[in-house]
Each structure stands twice: as structure tokens, then as C-alpha cells.
């Protein structure tokens, strides 16, 4: 991708997303009315998504700026590794947001789902910490690679004439390279598993609401219930997030597959997909969360001097 086109497409999206995240942080620190009504684990998930997307967007702006600077490749690789870490950690948070919404909308009857709904806070915290540790290991290995401590390329077998020190070094590099191959494979499996879970959760929520609405309309009940309208809005945002996750899956699969096969690829395309994913995620977050919508409505009322009802 041409550098000018890459900057013209990605820089406005990254800056807009960063500004939106700053607004969300303001809403969380200074909630409307002075009282925070968001409970756990929803608050943790919101903060994690905002922090990860902000980190990615800030690093992406730095990444674009480094294209004009005569700086060594190590710094660029560190920034790229940090971008990958941020966007990968944000995925489980987005996935668990959809699962949390689903658990609040659909009444559960089976014992495993009842247990999950009762212990969702513990489950969310445990899995988020586990994925953070997993991707942090990935991040550290990529940082070590950026300093040339080891290489991703498969190293040839050594013969008996290699001295002991060199053989130990080669063997260590080969073992770390094999470990990264295992992590790449596991990451691809996790990405596809997350996509399947996202589709199942979103489809189940939509199916339940469709049946519920049909039952209400057939019995002559009005469709103006605030609770039902909120559920429909959350379901729509879940559908959108599922599509956004599919966009991420394409970029992440290309990223991991090319690293696994040591292929040469235009990484600007991958970063563009991740950038669009981050921007779409935070826009969808603002639409789905009343905390942010109400603050926007309040600011619009003040700007237009419209008295609040």
C-alpha cells in the first residue's frame, strides 16, 4: 500500500478513535449526575476495551510517524508488537461483552448456563487474566525478536563440528522459534473459536428476541417497552460487533499465518484492518452504552440551549 494512501486512510480513523476514547474516559471519571450505575464485570470490560483500543490507536499514530523518520528498525518492531498485543487483548473483552449482554437478556434454564450467569464475574476475570498472560508472553518474545536475540526463521541442523557454545545458542534459538510456532497455531485456534462463540451468542440473543417480539405482537401488547427497546438495541450492537469481529479475524489470521509461514506481506493492510476494527468497536460501544449516549445528548442539549425535560 502506498504510504500517502495509508496515512490518508488510517490517520483520521486513528485520531478520531483516540478522541472518542478520551471522551469515554471522561464519561467514566465524571458520570452524568455524579453517580456511576455501571456494575461489574461490565465496568472492567468497558475499561479494558477503551484502554486497548486507545493503546493501539496511539501506537498506530506513532507507527505512521516513524515512516518519515530515519530511526532504526528496533523501535518500529517494538511499536508493532505493542499494537498487536493491544488489539489481541481487546478481543476477549469484546467477546465477553457480548456474552454478558446475552446472559442479561436470555433467561437460562440449563444448569451450566445458570452456573455461568451466577459466577460470570469470576469467570470473566479469570479468562481475561489468562488471555492477558498468554498474549503478554507472545509480546515479550516478539520484543526479544526485535532486538535480534533470536530469529523466527527455522535454523538448520548443526553437525558435530560446532563448538559447544555455538550449539547451545543455535539450540536455544530453535527452541524459541518452535515455541512461537506453537503460539501462532494456538492463536489461530483461539481466534476461530472466538468467532464461533461470537456467532453463537449473537445468534441466540437475536433468536430469543425475535420469538419474544412475535409473542408480544400476537398477544396485542405494545412495542414501546423501554426494557424491550434496550434489549433490541443491545442485540443490534451485538450483531454489529460480530461483523466487526469477523473483520478482525481476517486481519489477525493473515497476521498470524504470515508469521507462522515466514511470508512477506504488506503489513499496512493488516494494520488498516485492525485500525478499522478498533474504530468500529468504540463507535459500537458508544451506541450500545447508555452512559455514553446520555452524555452526548446532554452536551447537545447544552450546545443548542435546549432545556432538559
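Cβ atoms here come from the backbone N, Cα and C positions, even for glycine.
For the ranges 123-150, 151-178, the feature annotated in TrEMBL as transmembrane segment maps to 123-150. Sequence-distant contacts of the transmembrane segment (95-116), counting only residues of its own chain at least 6 positions beyond either end whose CB sits under 8 Å from a CB of the stretch, comprise 41-42, 45-46, 49, 123-124, 127-128, 194, 197-198, 201-202, 204-205, 208-209, 231, 234-235, 238, 241-242, 245, 288. Counted over residue pairs 6 or more apart, the CB atoms of the transmembrane segment (274-292) and the transmembrane segment (45-66) come under 8 Å in at least three pairs, which marks the two as touching. Tertiary neighbourhood of the transmembrane segment (231-254): same-chain residues 87-88, 91, 94-95, 97-98, 101-102, 105, 187-188, 191-192, 194-195, 198-199, 201-202, 205-206, 209, 213, 265, 269-270, 273-274, 276-277, 280-281, 284, 287-288, selected by CB-CB distance under 8 Å and a gap of 6+ residues from either end.
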